[in-house]
Amino acid sequence: MEFPLTRHLLKAEIHCHIEGAAPPALAARQAEKYGVDTSDILREGAYVWSDFSEFLVCYDRVASLFRTDEDYALLTESYLTELAGENTIYSEIIVSPDHGDRIGLGADAYIAGISEGIRRAREKTGIEARIIVTGERHFGPESVIAAAKYAARGKNPLVTGFNMAGEERMGRVSDYAPAFDIAREAGLGLTIHAGEVCGPFSVADALDLVRPARIGHGVRAVEDPELVARLRDLGTVLEVCPGSNIALGVYPDFGSHPLRRLKQAGVRVCLNSDDPPFFHTSLAREYQIALETMGLSEQEIDGMTRTALEAAFVDEEPRGRLLARLDEGFRPASLG
Ligand SMILES: Nc1ncnc2[nH]cnc12
Ligand SMILES: [Zn+2]
């Protein structure tokens, strides 16, 4: 789908799960290739799930359809090429070594395939990308700690950050804090899914125990004004994914989504797609909704792109180049 109103704006995102970027048509081809019955999760060209728990099951099933390094190279290359076609200059991809292990590919080959996809897309389009290793909370603290140890080995220079995704209602952040200690010690950037399904306590726990530079979602912090002030004062960046929040029923519609309120309260926020085809969205659609439905100006949207690049887990040299591109690239539609 085309989103012409924000076509001219340069874009960046720092929160997209690689398997969550798989278009249903590609997942169907993968299922055919490996002889897997997906009739319960894939119907009429769309993923089938009805709530957050079912979404996570569906996600893990789709992940299991990608089984070789080349499968992952193709998925990554096609996602980034599509993003570049929407004027995106930077993307951070969230990857889970557990998925590589679960299909018997192994984490090294899994990440090598994703890195190859990044290389191919960059060569074709110039898009820059980095990899954020994530632990999956519903696989338990041991697996999240193992993911952190894996990321901390620092074998691949494209791996620049550590995250925790998955079932936010499982356990407390304190159970998983040792994983973040390992990642911090290794110099990785830290971000954590919090305040998406659970309320402000989850964001407060993350700030207390993980001290992340960024939080995945974090939107439910809006329910606690003191927490909002704390996020503002700390300068913590919220990786906001409005389309995901609406699809998962965190908010009933874009009119009630707190992105604008958080931004007006001085919290640093940026736009992200999360798992675009699962939520019938794309980064371009998120930009268009921010403009058309949430009433943000082009300047404000461009400011969020700047925030994403400022908060990106990338070295200063490429960051400088990306920010310079953004500065050169900004032309409000009204100026033609
Ligand atoms: N929105 C989301 N929340 C938590 N874990 C996820 N994994 C993929 N998408 C996710
Ligand atoms: Zn996410």
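Glycine is treated like the rest: Cβ placed from N, Cα and C.
What TrEMBL records for E196 is active site, proton donor. All protein chains included, E196 (active site, proton donor) registers 22 other Cβ atoms within 10 Å of its own Cβ. Taken residue by residue with DSSP, E196 (active site, proton donor) is part of neither helix nor strand, so it is coil.
Residues or ranges marked as Zn(2+) binding site by TrEMBL: H15, H17, H193, D274. For H17 (Zn(2+) binding site), the same-chain residues 6+ apart in sequence whose C-beta sits under 8 angstroms from its C-beta are Y59, I93, I94, V95, S96, T134, A165, D274, D275.
There are 27 other CB atoms within 10 A of the CB of D275 (substrate binding site), with all protein chains counted. The annotation substrate binding site is assigned in TrEMBL to D275.
What TrEMBL lists as domain 'Adenosine deaminase' is 11-328.
Within the same chain, residues at least six positions away from H217 (site 'Important for catalytic activity') with a Cβ under 8 Å of its Cβ are H193, A194, G195, E196, L238, E239, V240, C241, S244, N245. The site 'Important for catalytic activity' annotation in TrEMBL covers H217.
For ligand 1, the neighbouring recorded positions among H15, H17, H193, H217, D275 are H17, H193, D275, by Cβ distance under 6 Å. Burial estimate for the binding-site residues (H15, H193): highest at H15, by number of other CB atoms within 10 Å. According to DSSP, H217 (site 'Important for catalytic activity') sits within a strand segment. Of all the Cβ atoms in the protein chains shown, 30 others lie within 10 Å of the Cβ of D274 (Zn(2+) binding site). In the three-state DSSP scheme, D274 (Zn(2+) binding site) is classed as strand. Summary of the Zn(2+) site environment: with the site residues H15, H17, H193, D274 set aside, the chain residues having Cβ atoms within 8 Å of the Cβ mean position are C16, G20, I94, N163, A165, G216, H217, E239, C241, S244, N272, D275.
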